[in-house]
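Asks: As listed in TrEMBL for this protein:
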| type | residues | note |
| --- | --- | --- |
| ACT_SITE | Tyr144 | active site, proton acceptor |
| BINDING | Gly9, Gly10, Asn11, Arg12, Asn79, Tyr144, Ala145, Ala146, Ser147, Lys148 | NADP(+) binding site |
| DOMAIN | 3-180 | domain 'Ketoreductase' |
Amino acid sequence: MSRSVLVTGGNRGIGLAIARAFADAGDKVAITYRSGDAAELEKAGFLAVKCDITDSEQVEQAYKEIEDKHGPVEVLVANAGVTKDQLLMRMSEEDFTSVLDTNLTGTFRVVKRANRGMLRAKKGRVVLISSVVGLLGSAGQANYAASKAGLVGFARSLARELGSRNLTFNVVAPGFVDTDMTKALTDEQREGIVKQVPLGRYAQPEEIAATVKFLASDDASYITGAVIPVDGGLGMGH
Ligand code: NDP
């Protein structure tokens, strides 16, 4: 059965791998993008919708376009996210609030809007992309870690609030993944990270996508409020 799937930030990195995984399985996949070539994304078979998730009006417009072309969203993957790393002493209030506004409040905006159609359909799957650092903490990433930890409380609250309506809310917590986000690190930082990962390497985006796809599948029908690490063993114990 072909479902209406939305992946925020599906134009590159982990989001693109997730979008491809659903499209390969025959789903109708919409992705949001801000940068990049929409024509290329459309050529790849996605419905590319321009949307900045910090803007409620743009979120509303994106949903209208998706509903018009694919029907109400049945599977939502809230993947869009940013970093603005800085030690606390040098972190401005704007560095903090802008990361929260994208990663946490932005997720609230897209989940809330998806909820409308899901309640009507009496089913829905929501997967939020958090991070291992949301639970481990990370020096220089207090804003990012706080936003990613916030997603866990958000998902678990909704799992309780809406479980009786046949909606599931789960969190995937990736470790270090080979994307633009981690390309910003120096070779020395990358080597330091790899040494701490039991599997001794970065993840490929497709390895995150496989878990997301599972959580949206019938095989995961009794899983909600879970935090699934896909981190090569980095966060073991949390
Ligand atoms: P990238 O930096 O490669 O991609 C980030 C994506 O988020 C882009 O598609 C970007 O769109 C989108 N985005 C950012 N801000 C907004 C916004 N305001 N509105 C709409 N879209 C936005 O990152 P990754 O693919 O690596 O990361 C994807 C997710 O996975 C993020 O939530 C990240 O925190 C998380 N993650 C990543 C890890 C890693 O090691 N890479 C580890 C753990 C978690 P645009 O192209 O238009 O800027």
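Here the Cβ of each residue, glycine as well, is placed from N, Cα and C on the backbone.
Remember, TrEMBL labels are computer predictions, not curated facts.
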Asks: Just name the most isolated of the binding-site residues Asn11, Asn79, Ser147, going by other Cβ atoms within 10 Å of its Cβ.
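Replies: Asn11, out of the binding-site residues Asn11, Asn79, Ser147, has the fewest neighbouring Cβ atoms within 10 Å.
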Asks: Would you mind reading off the Cα separation of Asn11 (NADP(+) binding site) from Tyr144 (active site, proton acceptor), to the nearest angstrom?
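Replies: Per the Cα atoms, Asn11 (NADP(+) binding site) and Tyr144 (active site, proton acceptor) stand 21 Å apart.
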Asks: Please give the maximum pairwise Cα distance, in Å and rounded to a whole number, for the NADP(+)-binding set Gly9, Gly10, Asn11, Arg12, Asn79, Tyr144, Ala145, Ala146, Ser147, Lys148.
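Replies: The widest Cα-Cα gap among those binding residues is 25 Å.
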Asks: Looking only at Gly9, Ala145, the binding-site residues on record, which one has the least crowded Cβ, with the fewest other Cβ atoms within 10 Å?
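Replies: Minimum Cβ neighbour count within 10 Å, taken over the binding-site residues Gly9, Ala145, occurs at Ala145.
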Asks: What mean pLDDT score does the domain 'Ketoreductase' (3-180) have in the model?
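Replies: The average pLDDT of the model in the domain 'Ketoreductase' (3-180) works out to 97.
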